[in-house]
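Asker: Please find one structure pasted underneath; my questions will follow.
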Amino acid sequence: MQSYNVAVLAGDGIGPEVMAEAMKVLNKVQEKFGFKLNFNEFFVGGAAIDHCGYPLPAETLKGCDEADAILFGSVGGPKWTNLPPDQQPERGALLPLRKHFKLFCNLRPATLYKGLEKFCPLRADIAAKGFDMVVVRELTGGIYFGQPKGREGEGSQTKAFDTEVYYKYEIERIARAAFEAAMKRNKKVTSVDKANVLQSSILWRETVTEMAKDYPEVTLEHIYIDNATMQLIKAPESFDVLLCSNIFGDIISDEAAMITGSMGMLPSASLNEAGFGLYEPAGGSAPDIAGKGIANPIAQILSAAMMLRYSFNLNEAADAIESAVQKVLASGHRTADLADDSTPVSTAEMGTLITQAI
């Protein structure tokens, strides 16, 4: 029997509540599909600060090093906002984890499920078509990290500058991740650039076009970033995998998230070249609703499904979870963030319904 070690970092706010439901679902699929997940739980974020004084304790990092994947909840909250920036939960835990594991590839799915069209802010006829896409964003290169960057001069002569830098190998590895993702989906990649203006985008387009030769089954399209933001609003159903540089992916992934209508539904993954991943909901720790049993656990559950698919290659089990989510939503069950009536299901009830639908 295949066996995998999972470091479980529930974190703060609604993290522990929604993580409990993801574990419920994972226990069901491992039993049904015949593999073994060994869960090891560790403190992270504010919970770790309260427990031992550090947002990312050595014991937690060691546990992650020994794991095959990290299932992450959420970190942060008003309790810890007065700490020095590098000791706050987000900057002191999540960013060091990304750096330590060299997580260069961010996957952000955005799906509009049947029955949830009215939450989509787009025109009704566009929302009625639905959409199911994933944004593949390069995380470690580009203008956020390029040198030189800085600020100099005085008065009206003050200037500030940033540099967009991409090496070919950085583009090759993120392009490969996008094509591999497309192979597990609808076999279409739309590469986003600004090759009519930027040298970095010209290299991006050339490199992605070369990489496409290794994936003859996948259709490749190129689109300028300005047009991409328009087409996301006009025809989101036309996209499958969107391949983006760091800054373009930052913008596009948030735009795609917003048109789904609920952040509580959106998972994400950050991967390194070995396929090791950190999987987490795209939303935050929502301290205002923590402990009330009303948080939507679907983003955490779908993050667990992504872990099965992208780190463990357990596609059948991942499909089963995603289908169960669709089934439960189609049958009209909603948590408070999506409920039409005065009787929404609780966090635990939603987790149980999805587990039963597998």
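Every residue, even glycine, has its Cβ placed from backbone N, Cα and C.
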Asker: Look at the substrate binding annotation in Swiss-Prot, where R98, R108, D226 are given, and name the residue from R123, R137, R205 listed for that site too.
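Answerer: Of R123, R137, R205, R137 joins R98, R108, D226 in the substrate site that Swiss-Prot records.
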Asker: Say you check the Cα of P89 (NAD(+) binding site) against those of the recorded positions R98, R137, K194, D226, D250; which is nearest?
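Answerer: Comparing Cα positions, the closest of these recorded positions turns out to be R98.
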Asker: CA-CA, which of the binding-site residues P85, D254, I294 lies nearest R98 (substrate binding site)?
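Answerer: Going through P85, D254, I294 one by one, the Cα closest to that of R98 (substrate binding site) is P85.
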Asker: When neighbour density is defined as the number of other C-beta atoms within 10 angstroms of a residue's C-beta, which of the binding-site residues D226, D250, D254 has the lowest density?
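Answerer: Checked D226, D250, D254; of these binding-site residues, fewest Cβ neighbours within 10 Å: D226.
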Asker: Any idea what DSSP makes of D226 (substrate binding site), helix, strand or coil?
Answerer: helix
Asker: Could you give the Cα-Cα distance between A286 (NAD(+) binding site) and D254 (Mg(2+) binding site), in whole Å?
Answerer: 18
